Structures are given as C-alpha cells and as structure tokens.
Ligand code: CAA
C-alpha cells in the first residue's frame, strides 16, 4: 500500500513541542472508520483531507459521508430543511481527498490512521510521514488491537504519538478512547481529549494495553456468545434477543459480531491468543474460523451469522 509518491526529508526536533489547536486533520484510510471520522471532524468545522490509495474508493467514501450527513440532518434539522442543507454543504466543503499523503501532511495538525490492521504497513506509513510532517503534528492510530507503542516506534515523535480509537458507526457512537504510551506527552493527550470533545464525543483515557478498555471487555463477550451458539446452548436469534432484552443492549452479540466484522474479530482474537496461549477467554472458535474462511465476514459481505440484503 503506497501512500507516498515522493519523499521530502526534513530534520525535526524530537523535543516536546507545544501543541496548537487542531484545525487541519489528515485521515488516512477511507473505509467505514476513516470516512466516519472525516464526517464528524468536517461537521465540527475542521478542515479534513481524506487519503486513500485510489480515487474510486475516495469517491465512494464521499458518497457515503453525504448519505450519512443526510441521516444526521433528518434528525437534527427536521423542522429546518434549509439549515440542514447548509450544514451538509459546509461539512462537504470541509473535506478534500488525496491519494498522496506526502503532499498533504505538511499542512496537518493531526494525522489519524485508519488503515488495515497490519503492524508493518502502519509502521511504514508513519515512518514515512514522520520525515514530512511539521514538528507540531500529532500522529494517532485508530487501531483496535495493535500496540500503539509498537506502531509509534517507527517514528521520532514518540511524545506526539497516541491512539485515538473511535467506534462504529462513528457519527453515532459517543465514545473515543485516547490511548497514551509511556512516551506520549501530556500536551498531546490534552490536545486529543480536547479535540474529541470538540467532535461532540466523550473521551476516556486508556493505557496502551491489549484492547484498551472497550475491546478488552467486548471481544471476550462476543466470542463467548459464538462459542455458546456453537455448543448449541441457544439459537443465534435467542442469544441475541436475550442480551438485547435482558441487558438493554442495542444489538445482540452475534448481530454485533456481524456488524464489527468477523474477520476483524478473528484478527483481534488470534493476536491475543498468540500472546496468551493459556488464557481460555482467547481460545479459538471453529465456527468463527469457518465463516471467515468462507468469506462470510458479516454485514459488509452480505452474510455472517445472518444474511443481509
Ligand atoms: N451516520 C449517521 N447516523 C446514523 C448512522 C450513520 N452511519 N447509523 C445510524 N445512524 C442513526 C440513524 O439515523 C438513527 O437516527 P434516529 O434515531 O434519529 O432515527 C439512529 O442512528 C439509529 O439508527 P437506525 O434506526 O438505522 O438503527 P438502530 O436503531 O438499529 O441503530 C445502531 C443502529 C446505532 C448501529 C445501534 O444498533 C447500535 O448502537 N448498535 C451497537 C453498535 C456498537 O456497539 N458499536 C461498537 C462496535 S465495537 C467497535 O466499533 C470497536 C472496534 O474496534 C471493533
């Protein structure tokens, strides 16, 4: 995955830099998460550049953002259609796209990465951008399972590197996890906590531990529901109804697994189980492995535990 077409080397001071307000945000990766982050940042007045490897995926992402902005407007501006249209146009004007991260990063206060969950690809991306971005620019990863410390190790801005973990669907879910490593400066954390609040989110501070807060609790729950279904302890429908009505969750665990993506779930579980082979809460599920091998990855492929139109 080449996000650069050229490299400009520049020497950077590695000393702590005082943070300025985050105005321009570069978001790398225009999938569901990247596009969602772009939508929320643009809607709250930030200038956003969304970066991906080709124009077709970027066009699709902008179309998705427009569709989701209409959903927001339907709710917030139901009695003011003109104000709603203005909100959409303003937000869309705030987003530009690029296939060349190298050429846009120089004007960025914050770079948020939301690309494939692959350590080497993330390290290569940030390692390259580190030579190009201004000294004050904060780098953040939206990874849901990889170590922020390990990703940051490819750069010389350890004090300006953190995790910024959003939840799907980004325009709806109110939480952002702000993850600091032992080297992240307090200024960087304060900037990201403040930025999250300006986005209309509620941030929580997390340590750089596997799964941070939410996924460390959510994934063992989801995988246990899969194992429960595998053992025949309940139908998938009953397991989902039970957790929705018994606990007031908006989605049951198998429905939510399809929504998160079974490949994403498997990736996280495999990673944790390799690091903790003795821990039964990370044990493999044959059914999950089978569905992923068959390409039934959940909602995004039209089938997972359930079928989608
Ligand atoms: N953009 C803007 N608005 C959206 C939206 C989007 N992408 N998706 C949904 N909405 C809005 C809808 O317009 C709707 O608004 P109104 O209530 O005003 O009509 C509202 O959200 C509810 O949506 P729907 O009516 O379409 O459907 P729903 O009531 O079934 O809710 C849901 C859908 C919000 C996804 C809800 O089911 C839910 O909260 N599910 C749980 C999601 C969850 O747990 N996410 C976290 C996953 S874990 C993760 O992301 C971390 C990781 O690293 C793996």
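Each Cβ is built from the backbone N, Cα and C atoms, and glycine gets one as well.
Predicted, not measured: the structure shown is a model, and the values here were computed from it.
Copied over from TrEMBL:
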- 29, 30, 31, 32, 33, 34, 52, 117, 122, 144, 168, 300: NAD(+) binding site (BINDING)
- 24-209: domain '3-hydroxyacyl-CoA dehydrogenase NAD binding' (DOMAIN)
- 211-308: domain '3-hydroxyacyl-CoA dehydrogenase C-terminal' (DOMAIN)
- 165: site 'Important for catalytic activity' (SITE)
Recorded positions: 122, 165 - member with fewest neighbouring CB atoms within 10 Å: 122
DSSP-derived class (H/G/I helix, E/B strand, else coil) of residue 165 (site 'Important for catalytic activity'): strand
Sequence-ordered binding-site residues from 29, 31, 33, 52, 122 with Cβ under 6 Å of an atom of ligand 1: none
For the domain '3-hydroxyacyl-CoA dehydrogenase C-terminal' (211-308), the number of residues DSSP places in helix, strand and coil: 65 helix, 3 strand, 30 coil
Cβ packing number for residue 33 (NAD(+) binding site), 10 Å threshold: 21
Rounded inter-Cα distance in Å - residue 52 (NAD(+) binding site), residue 165 (site 'Important for catalytic activity'): 19
Distance [Cα-Cα, Å, rounded] between residue 165 (site 'Important for catalytic activity') and residue 31 (NAD(+) binding site): 15
Binding-site residues compared (29, 31) - highest count of Cβ atoms within 10 Å: 29
Nonlocal residues around residue 168 (NAD(+) binding site), in sequence order (Cβ under 8 Å, 6 or more apart): 32, 33, 36, 259, 260
Taken over the domain '3-hydroxyacyl-CoA dehydrogenase NAD binding' (24-209), the model's mean pLDDT: 96
